[in-house]
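Comments concern the structure below.
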Amino acid sequence: MAQGLEVALIDLQSSWNNVRHHTEEISSNRLLLRRGQSFNITLYFRNRAFQPGLDDIIFVAETGPLPDLAKGTRAVFSLAGHSGPSPWIASLETLGATSLEVSLCAPPTAAVGRYLLKVHIKSLQGPVTAYQLGEFILLFNPWCPGDAVYLDSEPQRQEYVVNDYGFIYQGNKNWIRPCPWNYGQFEENIIDICLELLDKSLNFQIDPATDCALRGSPVYVSRVVCAMINSNDDNGVLNGNWGEKYSDGINPTEWTGSVAILKQWHATGCQPVRYGQCWVFAAVMCTVMRCLGIPTRVITNFDSGHDTDGNLIIDEYYDSTGRILENKKKDTVWNFHVWNECWMARKDLPPGYGGWQVLDATPQETSNGLYCCGPASVRAIKEGEVDLNYDTAFTFSMVNADCMSWLVFGGKEEKLHRDTSSVGNFISTKSIQSDERDDITQNYKYAEGSPQEREMFLKALQKLKAGRSQGFLGAGSPPSGSMPPRASPRSLDTPSLRPSDVVRVSLKFQMLDPPDMGQDIRFVLLALNMSAQFKDLKVNLSAQSLLHDGSPLPPFWQDTAFITLSPEEAKSHPCKIPYSQYSQYLSTDKLIRISALGEEKSSPEKILVNKIITLAYPGIMINVLGAAIVNQPLSIQVIFSNPLSEQVADCVLTVEGSGLFRKQQRVLIGVLQPQHRASLTLETVPFKSGQRQIQANLRSNKFKDIKGYRNVYVDFGL
């Protein structure tokens, strides 16, 4: 009588499998797999060799709290291949004297998540014996053509899945600055935190069996993650804050990476981390999605619109001094807004709308009852297909709404100008395997001023009106309410706005010096008479700070200029705002709008011009002292300064970098004297090879976000 086959030892070959599955950066001793790709394990037997035909080996893979064959969260598949129509595959690789190496493969549609692998062994006339082989984590696979997230370019896979640092573009369309960020998707425990995030979602809490079954869909998973990055519906990762009070948390401008945020969320029992704004939400979502295996990049849209009533027009209101006013509709154009694009097939949409999809984790409005936005097909946005899922109309308005300017005086509103091209400029993301910026505006809309652009605008507007007339807006329509993003422009011009199409006098602001923090702001107002008549102008000038949500604060500087112009004459009016006057009125984004409203004495015609300025700081300098080698000590010099002509206190320097530091370094500096320059040296031991990046931030009681970065290549060594 045949003796039952007994398993003595299991080798999951984690290190070898992880290299083949592009997960070795996460771990070498835990089995981390990608779906649609085979992996090998070895069974060692205690009493005899495996005998085909005599022994039957059946594997069982289960995920979720309620594994179910019908839902696809339980798979039963035989080495002999006769255990039923399971899409999971097992095949014999090598048969040894007392060992058996087998190749297993999950289908490219399998649910991602944590799995338990079991084996049942049945010998002729012997009992069935069951063994737990161990756990593994299954991820999306952009290297597999059968996976919905398949990306056919290896450089793109390296950038959008493997690269663990990058840049988030901020500023304005005339002054775009890269903000370094540590995504750190392969750092210790991040994969477990990402899976915990899925399990904390409302979908899982309500119906865990169905939620786990749907985790094979990148469309579904991306919406769940998008809702969980913010905390408006649940104990999501981040609390948003667009005010000026951050004393009970971290000012969003201070963050330099996602790892500290995700680890704090986990360590506090999944209590939302305080605080985030648009670029922080997008950066953390990028970390989670890349960790799960979905190709993801961070996108910045300059002059980003928010249309609250779905008419694709942003209304802005000014008073007689040129000061921008709050309006009841809350329509606004922000200097920039940040979201994500994730790469996936869209079998739920007509053919041709797969590829890059917009996902915006900033809590703007609800979508099917939860605060999330997308995935919205980038191609659908460009083609005006605003009725396609999800939230496509709302995203269309951010990149292609028109802007209407109104003058409010005497209880009346006078239309100044309609601008069809001011919203959605220099849509930017980091280049592939480069520190340069890619402009991808053409992916979102046809060239401004082209017939195709107006055609798509009118097409989108018609679809919105049709949807509204049918009594519903649908998941792809623009929600109402306000979106709070970050605004931080350095120097952004709006040309002269006037009710008449016949231009006779133009006004323009021109900076005389770079607007550096701590220095007086010096600029001129340029007036040009393009007519054959004399012109007498009265110009009211003002300056005011803006909050992160675009809300204006009261003016802190005003001036009046009287300018007489001969025919075709140009004159300049010099202006200066002292540091002592503006410093106490700045928002944390250092954002100032200067405005001028001119009128001719002999005409009711009015001319409006404004310029938005963000005051800049000198950056932190980072020097790597010596060669960077894995497991060898490395010295890093950090040089920083107080740019102000006054003492600053409570200075804290933070430094981080995936593969270089095990955790974020925090150094208490204390007081820095006026204009004082200082340096310190940090010691670390790199633990991962390849291209790495160091990110640093200096904050004080007067400023929060002096930043710097340095790329460093770490050799593997001997």
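Yeah, the Cβs are placed from backbone N, Cα and C, and that goes for glycine too.
Given the ranges 471-496, 679-704, the record in TrEMBL names 471-496 as region 'Disordered'. Each of the recorded positions Asp360, Glu448, Glu453 was scored by the other Cβ atoms within 10 Å of its Cβ; the lowest score goes to Glu448. Cβ-based neighbour count (10 Å, all protein chains) for His337 (active site) stands at 28. For the domain 'Transglutaminase-like' (270-363), residue counts in helix, strand and coil come to 15 helix, 41 strand, 38 coil, using DSSP.
In space, His337 is the closest of the active-site residues Cys278, His337, Asp360 to Glu453 (Ca(2+) binding site), judged by Cα positions. Around Asp402 (Ca(2+) binding site), the same-chain residues at least 6 positions away in sequence with a Cβ under 8 Å from its Cβ are Leu312, Ile313, Ile314, Arg418, Asp419, Thr420, Val423, Phe457. The recorded positions examined here are Cys278, Asn400; by Cβ neighbour count within 10 Å, the least packed of them is Asn400.
Per Cα geometry, His337 is the residue among the active-site residues Cys278, His337, Asp360 nearest to Glu448 (Ca(2+) binding site). A straight line from the CA of Asp360 (active site) to the CA of Cys278 (active site) spans 8 Å.
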